[in-house]
Amino acid sequence: MLLQAFLFLLAGFAAKISASMTNETSDRPLVHFTPNKGWMNDPNGLWYDEKDAKWHLYFQYNPNDTVWGTPLFWGHATSDDLTNWEDQPIAIAPKRNDSGAFSGSMVVDYNNTSGFFNDTIDPRQRCVAIWTYNTPESEEQYISYSLDGGYTFTEYQKNPVLAANSTQFRDPKVFWYEPSQKWIMTAAKSQDYKIEIYSSDDLKSWKLESAFANEGFLGYQYECPGLIEVPTEQDPSKSYWVMFISINPGAPAGGSFNQYFVGSFNGTHFEAFDNQSRVVDFGKDYYALQTFFNTDPTYGSALGIAWASNWEYSAFVPTNPWRSSMSLVRKFSLNTEYQANPETELINLKAEPILNISNAGPWSRFATNTTLTKANSYNVDLSNSTGTLEFELVYAVNTTQTISKSVFADLSLWFKGLEDPEEYLRMGFEVSASSFFLDRGNSKVKFVKENPYFTNRMSVNNQPFKSENDLSYYKVYGLLDQNILELYFNDGDVVSTNTYFMTTGNALGSVNMTTGVDNLFYIDKFQVREVK
């Protein structure tokens, strides 16, 4: 009887634990693109239709399941404002069920160098896709052209246009290099750790010019390269070239990530200024960054978007009937005066989120010109929140304060669920480490609790953007969108993107600001705005 009673008690305890966790969350992001259904990964073929003022996003897509698998297609979405996206029919399909239309890029062939177009097609809509055809036997570079502005495509009859007798040769990114009047392609010899650079007159015949190889973090393989001219923040008329390389697996924090190199390009060779591998985004969920072929100049010349997930756990993310979202589109510039530490300035990629919201609520300012103490924490009511909101926090550390290294001297923000405040995000800054931290593990979603690769806690080093009157100032902008968080520190000098998951319907209901020490933190500004 004792054994029977014990087993009954144990079963009841297990049932209680199971009931306290949920398997899925159906809260879809509002301002981050997600497919209606199915699986999505890398962004592809980004371009701007100048005739119709329309932005095009293509992406790796499996409409038949919520995990990666073949056949793999190019999904398609369009936008008028880079924030609100409309799903379109599949754009490019593979020829076999065991194959895939893998990642690639789009160009606008204004001058009809390919010969695919006649005068009935507006030069601004002469788009050609350059993509990898993947089969179990090989990876080869194909091209397809569109006669209707990027909605349907015809495959070039003489494909492939580039082959290397390899199963690891992919992700062509093509742009027009004006000085030489040639098309330039970067493509990854993934497991040779090479980014090969090719040139072409017509998009059909390609000449190998050089290779950028064995640089930075190697990981298991290189993927999704890109080469783009990026203007400097200090003087937009001046620019440098940036080489982007994705790594998967083998990222320093686990799984996948993006790195970049700053240098020069002469039409055939890219040369990095130094041997530093720089990190594009310090979060766990930002991969396969691709930049737009062309842009609306009012937004800037260097725009990009990334897949907001990580290959370590992307197949297990608890959303349904879709998996994965894209990051916000970001405007990139180069800060040539980035203060890496008090003695060194570096060239650093700066990111600014592009967010066009017509129905956002007003900014509500909750703290201004205030010294934070343990007794005067701030509580912000978000009971009408949809689960998507922005916040801005400008704070300073009193450098005259002496704090023991054994004290966790933090400023913390607690974003709590409305229906269940035991689910929350905690983020903030700790003085001794000079780092901003995030804890995304306080959830009752089973995936968050049980998946060992979904790192609950992470941090990123922060340096002050200014110091005056014994105060060192820091700035952070954050966007929380149902299950994805983007953080921009000091106007985008450092960025961190991470997903998080709470029980379905448990929208953010409050924000609390606390500290563990008195009179250390000065709050210059803290404000919140709901996105509806």
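A Cβ is built for glycine as well, from the same backbone N, Cα and C atoms used for every other residue.
Looking up ASN23, ASN112 in Swiss-Prot, the residue bearing an annotation of N-linked glycosylation site is ASN23. For the substrate site, Swiss-Prot gives TRP39, MET40, ASN41, ASP42, GLN60, PHE102, SER103, ARG170, ASP171, TRP311; the one candidate out of GLU223, GLU229, GLU233 that the record lists there too is GLU223.
Counting only residues at least six positions away in the same chain, the Cβ atoms of PRO318, VAL445, LYS446, PHE447 sit under 8 Å from the Cβ of ASN23 (N-linked glycosylation site).
Taking Cα separation as the measure, ASN111 (N-linked glycosylation site) is nearest to GLN60 of the binding-site residues TRP39, GLN60, TRP311. Largest Cα-Cα distance over the residues recorded as binding substrate, namely TRP39, MET40, ASN41, ASP42, GLN60, PHE102, SER103, ARG170, ASP171, GLU223, TRP311, equals 20 Å. Across the structure, TRP311 (substrate binding site) and ASP42 (active site) are spaced 11 Å apart at their Cα atoms. Rounded to a whole number, the C-alpha distance linking ASN64 (N-linked glycosylation site) with TRP39 (substrate binding site) is 8 angstrom. Secondary structure at ASN165 (N-linked glycosylation site), as computed by DSSP, is coil. Within 10 Å of GLN60 (substrate binding site), judged by CA to CA distance, lie the following recorded positions from the set ASP42, ASN356, ASN512: ASP42. Of the recorded residues, SER103 (substrate binding site) and ASN369 (N-linked glycosylation site) place their C-alpha atoms 49 Å from one another.
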